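Features as listed in TrEMBL:
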ACT_SITE  Asp18  active site
ACT_SITE  Asn66  active site, proton acceptor
BINDING   Asp18, Glu199  Mg(2+) binding site
BINDING   19-23, Arg31, His35, 63-65, Trp67, Arg69, Arg180, 186-188  substrate binding site
COILED    71-98  coiled coil
Amino acid sequence: MSNQSKNTTPRHVAIIMDGNGRWAKNRLLPRLAGHNAGAKAVERTLQAAQKAGVEFLTLYAFSTENWARPQEEIDGLMKLLEQTLDKYTQEAKKHRVRLWVSGEREKLPPAILAKIDEAVSSTSNNTGLTLNLALNYGARQEIAHAVNRLLMQGKTQITPADIQANLYQPALPDPELIIRTSGEERLSNFLLWQAAYSEFYFTPVLWPDFDETEFQKALTAYQTRTRRFGGI
């Protein structure tokens, strides 16, 4: 089976938003300034995805490994996340965006959990693009989470379909396109299960500089690919 991507828009785009720290360092600014600039890039990218007709957009917002960062940076990120969740919720209602969150709830501050629950609940009936935030997310942890749920159900013979049904967001389609900014070329524990047949696009652009033009470059590159899914 093959699928020519030419002139087609990927249904699901996932992005590893990398380079906030380097962007700030290049400007002799604190790292949190880079994260603030990165939040603006999220807004631009969400608008670009909607304009392009993308149905699902997953953003790697905070990994399970990010807890190893300095506490001051973590505190700043949590405060920024709380503020942006409020903003996203209001914007989502206006543009009919549905918000999902993938990841472990443990370790997240109660205030953040309350914002997440409000955002997910208040946008659940929206019919536009689905924005899936990977928050306190690790792909290995997600797979282990699914297997543990199956073991608790008494499963002894586990199939790929069983694992899919027990992921954080079982209804989320696999991403056709995964973008990583900042020049790094690795998955960093992101969507390992779902990326089996994804196309990858790596760009040296740092995340705070990512915009609609850069998003379109990624879509154009995707449209040159032929997806064979193991066939000829």
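Please read every residue number as a count from 1 along the shown chain.
Including glycine, each Cβ sits where the backbone N, Cα and C put it.
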Other C-beta atoms within 10 angstroms of the C-beta of Leu187 (substrate binding site) total 16
Within the same chain, the residues 6 or more beyond the ends of the coiled coil (71-98) and with Cβ under 8 Å of it are 31-32, 35-36, 39, 42-43, 46, 50, 61-62, 109, 111-112, 115-116, 118-119, 122-131, 135
Out of the recorded positions Asp18, Glu199, the residue with the smallest number of other Cβ atoms within 10 Å is Glu199
Among the binding-site residues listed as Trp67, Arg180, Glu199, within 10 angstroms of Asp18 (active site) by C-alpha we get Arg180
Taken over the coiled coil (71-98), the predicted model's pLDDT averages 91
Sparsest Cβ environment (other Cβ within 10 Å) among binding-site residues Gly19, Gly21 belongs to Gly21
As a whole number of Å, the Cα atom of Leu187 (substrate binding site) is distant from the Cα atom of Glu199 (Mg(2+) binding site) by 12
Going by C-beta under 8 A and a gap of 6 or more residues, the same-chain neighbours of His35 (substrate binding site) are Asn20, Gly76, Leu77, Leu80
Ranked by how many other Cβ atoms lie within 10 Å of their Cβ, the binding-site residues Trp23, Trp67 are led by Trp23
Between the C-alpha atoms of Trp23 (substrate binding site) and Asn66 (active site, proton acceptor), the distance in angstrom, to the nearest integer, is 18
Out of the recorded positions Thr64, Asn66, the residue with the smallest number of other Cβ atoms within 10 Å is Asn66
As a whole number of Å, the Cα atom of Trp67 (substrate binding site) is distant from the Cα atom of Glu199 (Mg(2+) binding site) by 29
